[in-house]
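Worksheet for the structure shown next.
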Amino acid sequence: LQESESENKLDGETASDSESKSDFGGSSPVPSSDDTPEVLNRALSNLSSRWKNWWVRGILTLAMITFFFIIIYLGPMVLMTIVMCVQIKCFHEIITIGYNVYHSYDLPWFRTLSWYFLLCVNYFFYGETVTDYFFTLVQREEPLRILSKYHRFISFALYLTGFCMFVLSLVKKHYRLQFYMFGWTHVTLLIVVTQSHLIIHNLFEGMIWFIVPISCVICNDIMAYMFGFFFGRTPLIKLSPKKTWEGFIGGFFSTVLFGLLLSYVMSGYRCFTCPVEFNNDTNSFTVDCEPSELFQLQEYNIPMVLQSVVGWKTVRMYPFQIHSIALSTFASLIGPFGGFFASGFKRAFKIKDFANTIPGHGGIMDRFDCQYLMATFVNVYIASFIRGPNPSKLIQQFLTLRPDQQLHIFNTLKAHLVDRGILGSLEDA
């Protein structure tokens, strides 16, 4: 206790724990206002608040789904740009809450440092992505080749610069507050930037790995709300009093069925199933390939228990539809915990929404709290069960080696193929 008191005196802070909670625990909530457009307010003025909220959420949901279809139509480059914009907006919303809750407006350089760290982390992650997917372009341009070769060192140097700037910005009587915000910034970067980076990685595997998971989360959110609104009676979790077991269960079955149907439709189109690749001749993204086995119809035997119910012995499905069951199940059972986590966060700091960006829905982060958790699962799922070694990337790495190293690998591979009898059969052919 004496040591703690002496530390407080050294920092110029003598507040007790209860006072500290009052200062830093969000006792001054971020004010919220009715952000519903005036046109909707007038049109729905005769409805009760419950039904007015239902109509506002419904109309804005349809508008967001329409916008989602438009950006899908515009192609992968626009999708990547939108992901980056969403990431920046989510970061801004969470950091702004930190400034408001911790009353950190006057901290020297801290708003600048937060955005600087965002820039550093994005440079690190997306620099790695550029090297992986735009290898030929990088090797063709001298400045890009140098940046690629020393990318990690440059990233570390940039972060180290920000770290030193933070240490130099420490001010007496604000030490604890500054370290609060330093941690707040880094946790925000971990949640927002890392997940958005994984979303883009999923997109490169094929637009279907981007669209189906996101659509399943959207479907589950909508159907859970619908079932809860009309049939909800049993509370699900105290963090979200409006969530009910009826909505949770109804959302689960609806999402699994939706995932199967959407996967069946999308698996028949190459523009959705083929990996997104960069064409060096045209300097543009291309989505064209021979569909893999995942996206070719196959016949499956129906279990004996279900044959008497459905009246079929076999069914023709795309293998990806089986994977979609895993994706939709996660979106329904585990995905909502991202929303519960966000609800706990907002309750901890006594705020209703992350922002007032979307009327009836809150901020961008309020809509993407489950999506970030889903992005991580999809990336892990692809790495664990779908993706194998990429021959094109191995060849790219091989071509960057010295001639003597390339010759050594060639001789080793040749000896291996001869031992297995593969090379001889190829030469005979």
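Just so it is clear, glycine is given a Cβ too, placed from its N, Cα and C backbone atoms.
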* Range annotated as transmembrane segment - as stated in TrEMBL, picked from 44-66, 297-319, 320-342 -> 320-342
* Structure fact -> Between the ranges 244-266, 359-381, TrEMBL assigns transmembrane segment to 244-266
* What parts of the chain pack near the transmembrane segment (178-200), using Cβ distances under 8 Å and only residues at least 6 beyond its ends? -> 24, 80, 83-84, 86-87, 90-91, 94-95, 98, 102, 104, 107, 110, 113-114, 117-118, 121-122, 125-126, 129, 166, 169-171, 210, 371-373, 375-376, 378-379
* **Top Cβ-contact partner of the transmembrane segment (109-126) among 153-171, 206-232, 244-266 (pairs under 8 Å)** => 153-171
